[in-house]
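Below is one structure; the comments refer to it alone.
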Amino acid sequence: MTKRSVSLFGYKDLSGAALRVHRKRLTVLLLLISLLTANAALLQASAAPGPSANAAILMESASGAVLYEKNPDKRMLIASTTKILTALVVLDKGGADEKVKIGADFPAVEGSSIYLKPGDELTVKELLYGLLLESGNDAAVALARHVAGDTGRFAELMNARAQALGCKNSHFVNPHGLDAKEHYSSARDLALIAREAMNNETFREIVSTKRLNAAGRYFRNHNKLLWTCPGAIGVKTGFTESAGRSLVSCVEREGMRLICVTLSAPNDWNDHTSLYDWAYGAYRCVRIARSEASFGSVHVVSGVSDAAAVHPETDYAAVFPKKDNVDVVWELPRFVYAPVKAGSRAGVVRIMQNGQAVQEIPLIYDGAVKLDTSVPLSLWEKLKWSLSSGDKQTFVRSA
């Protein structure tokens with residue numbers, strides 16, 4: 001390096017040992033710049049891929065955690081993804097095996113169809129297959145008329161159900177999703193609707209079906225992610241010229257269920273696949289079920305039973321970065337005196353993220369344990385138990 005080039009960094013008239021010192025400083029500076037550039041590239045690589053969609057959201061189902069969003073609350077046309085809510089309202093009413101007869105007054109419906117005609121008789125479930133796999137607009141009208149008498153009253157049921165789910169940017173005027181001025185939703189609201197629908201076993205069975213012969217018809221699912229995306233289990237495509245391509249999908253891998261919504265997305269298949277691959281590479285879900293029996297029991301002194309089993313008071317689910325250390329730590333007393341009341345507090349579970357408690361969940365007793373009066377405690381036993389009355393046991397497992 002010449003003296004002139006060094007002077008560009010603010011050093012002038014240097015030679016010999018002084019120049020060597022400044023060369024070393026310059027080398028260190030360049031190395032730091034290189035490391036910062038590399039770290040920036042790493043952070044950029046770990047960021048979510050930018051979808052082609054005008055609006056999008058990626059939600060973890062159990063916790064409702066949002067892992068990615070883009071204009072999630074923008075009110076937009078949603079085309080046939082409307083039919084997710086249509087199916088949910090129908091299934092709320094039950095009667096999947098009920099027969100639906102297509103009457104002589106059945107109206108003509110434009111767009112995609114399963115070609116219903118007067119005199120046809122199908123079960124509600126068969127119509128749901130036609131609705132969700134073939135996107136039959138006529139199936140939507142048939143189901144709406146069966147449940148509510150006409151499509152207007154059915155739309156009222158749709159709006160009430162959406163509102164109950166916490167949807168704030170949705171309004172529905174028909175069961176099929178054909179463009180209408182007052183018919184719209186948002187990516188977030190559709191994720192909430194799909195999340196609820198995917199908790200319904202019958203709905204989940206239908207939208208995960210690739211193809212089916214039913215009611216003298218062949219139904220083939222339009223959701224090609226079922227063939228191309230590992231773990232895909234639903235849910236619904238949609239398209240109109242005004243709405244563009246709409247897609248709601250659901251994938252389950254590594255014990256974590258994710259729901260992705262894209263609206264007005266010209267490259268929707270790739271958008272969903274890329275977002276799922278990114279999310280499953282970066283996150284994991286920690287779940288604790290209220291019914292979980294792995295937290296053990298507490299020894300009961302003077303009870304008709306020697307032990308009282310415990311379980312979490314509530315369900316718990318949260319999403320954590322895979323790079324974080326997450327442990328489940330719980331405390332229980334070494335013993336408890338009878339009687340034990342069912343549902344009373346026994347201990348606590350703590351979710352630890354990188355050594356810090358981020359959530360506490362009470363542990364409660366499964367059932368009651370009555371006092372055994374037939375065998376009273378001796379003086380020694382009373383003394384022994386009283387001396388250890390404050391003792392606790394701590395247990396740890398990696399999440």
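Cβ coordinates are placed from backbone N, Cα and C, and glycine is handled just like the others.
As written in TrEMBL, here are the features:
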ACT_SITE  SER80  active site, acyl-ester intermediate
ACT_SITE  LYS83  active site, proton acceptor
ACT_SITE  SER135  active site
BINDING   LYS236  substrate binding site
DOMAIN    283-371  domain 'Peptidase S11 D-Ala-D-Ala carboxypeptidase A C-terminal'
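Here the features listed in TrEMBL are placed on the structure.
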{"residue": "SER80", "record": "active site, acyl-ester intermediate", "Cβ within 10 Å": "27"}
{"residue": "LYS83", "record": "active site, proton acceptor", "Cβ within 10 Å": "28"}
{"residue": "SER135", "record": "active site", "Cβ within 10 Å": "26"}
{"residue": "LYS236", "record": "substrate binding site", "Cβ within 10 Å": "31"}
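Annotated pair the residue listed as 'substrate binding site' and the residue listed as 'active site, acyl-ester intermediate', C-alpha to C-alpha distance, rounded: 8 Å. LYS83 (active site, proton acceptor) sits 8 Å from the residue listed as 'active site', taking the Cα positions as reference. With DSSP classes pooled into helix, strand and coil, the tally for the domain 'Peptidase S11 D-Ala-D-Ala carboxypeptidase A C-terminal' (283-371) is 0 helix, 57 strand, 32 coil. The secondary structure of LYS236 (substrate binding site), as reduced to three states from DSSP, is extended strand. Cα-Cα distance from the residue listed as 'active site, acyl-ester intermediate' to SER135 (active site): 7 Å (rounded to the nearest whole number). Following the DSSP three-state reduction, the secondary structure of SER135 (active site) is coil. The average pLDDT computed for the domain 'Peptidase S11 D-Ala-D-Ala carboxypeptidase A C-terminal' (283-371) is 95.
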